[in-house]
Each structure stands twice: as C-alpha cells, then as structure tokens.
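Some features that TrEMBL has for this protein:
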- 6-27: transmembrane segment (TRANSMEM)
- 73-93: transmembrane segment (TRANSMEM)
- 113-134: transmembrane segment (TRANSMEM)
- 141-160: transmembrane segment (TRANSMEM)
- 172-191: transmembrane segment (TRANSMEM)
- 203-223: transmembrane segment (TRANSMEM)
- 235-258: transmembrane segment (TRANSMEM)
Amino acid sequence: MGSFIGHAVPGSIFLFLSIWSFIGTLIRKHQNTKPRRGLLRSSGTTCARLKTHAPVWYPCPGKTLSKIPLEPILKVLCAFVGVLGELFLHQSWRLIGKNGEFVEDNINNHSHAAMYCFFGLSGVVDLVMWYGIIPLPPMTDYVIVSASFWIEGFLFYFHLQGHSEISVRLHVILYIVIFITAALFLADVFFTQHHSLFSLIRAVLIAVQGSWFYQIAFVLYGPNPWKNTPKNVEVLPIAFAWHLFIFLTLSFVFVAVFNRFCGKKYTRDNQLDEEISDEETEDIPLKST
C-alpha cells in the first residue's frame with residue numbers, strides 16, 4: 001500500500017461497499033428481509049432464528065440474482081486477487097531470507113496479505129452459512145467480519161514504527177475508525193434489535209474509511225505531498241471531522257430521498273416477497289442436531 005494506487009484502490013472498494021451496504025440496509029428495513037437457505041439447515045431451532053438473524057451481507061435485487069450470494073463470492077475473489085498482488089506480483093512471497101532472517105522489504109506485503117485473508121475468510125463463512133455446508137452458530141458471519149476489521153486495525157496500529165509524524169497521525173485516525181467499525185459488527189451479535197441503526201452507522205464509517213484512504217494517498221503520495229510540519233499535522237483531525245460531517249449529511253439526505261421515492265414501493269411489495277419466502281422455506285428440509 002505504500003503508493004498512491006495502493007491507498008486509492010482499497011479506498012474505492014470501501015466507498016463502493018459503503019454505498020452497497022447503505023442501500024441494502026434501507027431495502028432490508030422496508031422489506032423486513034429474513035435470511036433463507038443456509039441458516040435453515042443449521043439446527044432444528046432455526047425457525048426461531050430465521051425471524052431475527054439477517055445475514056451480514058446484502059443480496060442483489062431481482063428474483064434471479066437474489067438467489068446467488070454475489071457479495072460473498074466477490075469478497076473471496078477480491079481477497080484472493082489482493083493476496084496474489086501483494087505476495088506474487090510484487091515478488092514478496094518470501095518472508096524469511098536465505099540468511100534465516102526476516103526480509104524487511106516484504107514484511108508490509110505480508111501484513112497486507114493477512115488483512116486480505118481475513119476478509120476472504122469472512123466471505124467463505126458467508127458462503128458456508130448460505131449453503132448450509134456446516135451447521136455454524138447464528139451470527140457467526142458478524143463475528144468473523146468483526147474480526148476482519150479488528151485485524152485490519154490491529155495491523156495498522158503496529159504499522160507506524162519509523163513513520164513521520166504526519167503519517168502516524170493519518171494512520172491513527174484510520175485505525176480508530178476501523179476499531180469502531182469492528183465493535184459495531186460485534187455489537188450487532190448481542191443487540192439485534194438495533195440492527196438497522198448499527199448497519200447505517202457502519203455504512204457511514206466504512207465510507208469515511210474509504211475517503212480517508214484517499215486522504216492518505218493525496219497527503220503522502222499526491223502531486224503535492226504535504227510537508228511534515230506541526231501545522232499540517234494539526235489540520236488532519238479537522239479534515240477528518242469534515243469527512244465525517246459530509247458523509248453524515250449525505251446519509252440523512254439519502255435516507256430522506258429513499259423513504260420519499262422508494263420506501264412505499266418496497267413496503268407495498270413486501271407481502272408478496274414474504275409469501276414467496278414462506279413457500280421456499282417449506283421446501284427446505286431441516287436437519288436436527
């Protein structure tokens with residue numbers, strides 16, 4: 001990630017994920033979406049959990065695409081490509097050199113590869129629960145994605161040795177946002193009644209994380225990199241406040257627009273969706289523990 005592109009690419013991914021999550025949360029809220037296939041197979045008491053456990057990812061709209069777990073599949077593929085890019089395209093797969101010591105130039109690449117692996121694991125767990133391959137406990141997908149963000153923040157926390165003060169301040173702000181995001185995913189496991197609120201807050205924080213990756217890219221690797229001066233370091237928290245303010249404002253506007261123009265449509269179609277969901281549920285055999 002030690003380049004402009006290295007920060008812009010994950011920034012773009014997080015921004016897209018934020019938009020997708022925000023829209024998915026609003027649609028789920030109006031449809032009162034219920035999880036279906038994989039969760040039904042985990043145990044004989046799944047019918048009770050079916051009404052409370054919505055998966056951590058969001059299905060695509062449409063009768064055909066909604067039956068395909070595209071988001072988990074893309075999560076696994078992106079993680080796989082990320083690991084390949086970090087370790088093999090950069091020829092950094094060797095962590096221990098021939099002299100028996102760690103290769104200093106490759107440590108960062110292995111750190112980034114570890115981040116990708118955890119998000120890839122999250123996608124695998126999503127697929128396992130969707131297809132009912134292994135009877136995992138409910139909300140396991142939330143725990144794993146929380147761990148993925150926690151590991152991301154953990155690695156960034158210990159990534160600052162030897163960096164300039166301005167770089168340290170940029171990354172401290174970043175890992176604070178990441179840790180809060182991880183905490184909110186975990187909170188959803190214990191406080192499911194606040195699922196919609198937690199989901200919207202997470203979407204905002206993920207958007208801020210994405211835009212802050214761009215902030216890091218321009219400050220450290222842009223056409224006019226910022227100098228490592230006290231006043232520049234002091235401006236960074238102010239810049240972050242504006243990032244958060246902008247996305248909070250946009251979220252309120254988006255919620256208002258969605259409720260005005262789309263909310264009634266999804267509420268009106270909800271009865272038909274629930275009837276179809278009930279028919280599909282009856283056709284799926286339950287496995288008793």
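Yeah, the Cβs are placed from backbone N, Cα and C, and that goes for glycine too.
All annotation found in TrEMBL is predicted automatically rather than curated by experts.
Listed as Cβ neighbours of the transmembrane segment (203-223) (distance under 8 Å, sequence separation of 6 or more from its ends, same chain) are residues 3-4, 6-8, 10-19, 21-22, 25, 166-167, 170-171, 173-174, 177-178, 180-181, 184, 236, 239-240, 243-244, 247-248, 251. Long-range Cβ contacts of the transmembrane segment (235-258) within its own chain (Cβ-Cβ under 8 Å, at least 6 residues beyond either end) map to 22-23, 26, 166, 169-170, 173, 200, 203-204, 207-208, 211-212, 215, 219.
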